[in-house]
Amino acid sequence: MAFSKSFLPLLAMLLLACSGCDASVLLDDTPTSVGEKGSPANFNSLRGFEVIDDIKAQVEAACPATVSCADILALAARHSVSVLRGPRWQVPLGRRDARTAASPAEAIANLPPADMEVPGLIGIFASKGLDAKDMVALSGAHTIGQTRCGVYRARIYNDKNVDPNFAAIRKNNCPPFGDDNKWTPLDLQTPTRFDNKYYRNLLGGRGILHSDQALYGGGQVDGLVKSYSANNSAFFADFALAMTKMGNISPLTGANGEIRLNCRKAN
């Protein structure tokens, strides 16, 4: 199913669009404007655009020039979580779409890299009005989706706080050199189910990204990781709350923005 396979990119589009929940991340580059979509921070990582294209085409056929790409993206992210047996949450509607995209430099500044430590992660989320609990709950989206060898290689070959058996399995799919774009599930146990296995993996040193494992190991958010690992319902509840907060970051409403007819370009 396209929704489930594209969940993580859809969620990333909603959560980390640099200017807020305004579908700016969906805009293609133009001869006069280079946006965040193809920035180095998103290269070969942000995917699933064709899913939104398909939804938008069907919505336009049924109800022209009425539903924004920003609202479609927010609803698609929620539906993807639900399809994978995760929580549901209310999605306020009425957003409008941005006419321009953030720059590649803004994307680099706003997207947390895979080697970031907890203070940096907390700082980036705080800049969006989200606290440490939101950050840890939203990180649980890594219970599904895939990542590239080039992103996690340093973690499995260099980090000391990695389970050796886990690292050996991952090395089978990610050699010391080459195959940078070879994909592997973020969670080997239940890669297509939205659950709290992500946090259980962290307790055992089996976080695939350095920034994942940084959440557990003597730091300030250890308690949250332990709580979510033991209580799936608590994770679901906090994730849903954090998603609602994310969806309300700097939306365009009223006379601001537009209702795009094609999510890839301004009207």
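Cβ atoms here come from the backbone N, Cα and C positions, even for glycine.
All annotation found in TrEMBL is predicted automatically rather than curated by experts.
According to TrEMBL, the features are:
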- Pro112: substrate binding site (BINDING)
- His142: heme b binding site (BINDING)
- Cys69-Cys263: disulfide bond (DISULFID)
- Cys149-Cys174: disulfide bond (DISULFID)
- 19-267: domain 'Plant heme peroxidase family profile' (DOMAIN)
- 1-23: signal peptide (SIGNAL)
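Features as recorded by TrEMBL, highlighted on the structure.
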residue	record	contacts (Cβ under 8 Å, 6+ apart)
Cys69	disulfide bond	Ala23, Leu26, Ile52, Lys56, Asp97, Arg260, Cys263
Pro112	substrate binding site	Gly120, Leu121, Ile124, Ser211
Cys149	disulfide bond	Asn173, Cys174, Pro175, Asp179, Asp180, Asn181, Lys182, Trp183, Thr184
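Other C-beta atoms found within 10 angstroms of the C-beta of Cys174 (disulfide bond) number 24, with every protein chain shown included. If you average pLDDT over the domain 'Plant heme peroxidase family profile' (19-267) in this model, you get 91.
Cβ neighbour count for Cys263 (disulfide bond): 23 (other Cβ atoms within 10 Å of its Cβ, all protein chains included).
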